[in-house]
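Notes to accompany the following structure.
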């Protein structure tokens, strides 16, 4: 069971949804990096359950504990251990599901592969596992900001069939966090919130799309063939719970264009090390390597699998049964998934930044 991610900037998460705690070991972080613990806590607060009436009612404080690797606000270059204790877990909510495979959950596949069942809140398959990722991602975001002035901004673009068209030039973290659904369009966000509440009352759920914009990306991140930057971003983002799709740049819509329409023409620049393009259909990555333009991505999240409606399924004996979920869950995962997307993008970019420095740092281009 793989619980580690990254090559140099390596993250290993641990813990289960209804266990004693969840956390992360972050190895490979450079020493003497200034780390704002409050910023880490703020990122955890953004993904915390119980933050609004459109998220799960599970009420966790999610207070971060730094066990090692940071002293007096500076990284030591040693493994950084961070922990969050579970305080509002209710495993008994799942007692009636011990031998039942919940539709579109990990119960059935975990049983087939490992001979165990992750019915109690999903175990390692739960979004609670992402606490460690978000904490590590907050460290990565600070490293990117300090060394490259790189900024990662993710927001909810679509909920169910309610879509938005955001002006990326005017996007900001304050606008994203100005409402509980994390869509920076005031009118559209109100419609999204009402749709989520409507489905929640019906015992149902919905999915949607998160859009991500990365500004001030260093050129040269990523490597040809098997370690392309977009390939690692896709793997990282598709490893998040409930993800079902990934696009970069023009994505699937680019298939409707001709080559003459899709090509990103280069334009004259005073600094040849900073290639600029008229358009950005490539999404800031060409040949698997960042070109210095903004990286633009979209990530699709399925409707929450745990719903309040009665459903047909089978038990461990293969017999058909009826079940109705009793556990606390999000009617829509997207508002809390925004900081998860930020974190995974930051972890990939920092890992590639360090890889690029290791391979090309001594080369004078």
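Positions of Cβ are set from backbone N, Cα and C atoms, glycine also.
As the structure is a computational prediction, the values presented were derived from the model and not from experiment.
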Of 85, 158, 328, which one shares the FMN site with 124, 125, 126, 287, 302, 303, 304, 305, 306 in Swiss-Prot? 328
How far is it from residue 302 (FMN binding site) to residue 47 (NADP(+) binding site), counting Cα to Cα, in Å? 18
Around the Cβ of residue 124 (FMN binding site), other Cβ atoms within 10 Å, all chains included, total 18
10 Å Cβ neighbour count around residue 304 (FMN binding site)? 24
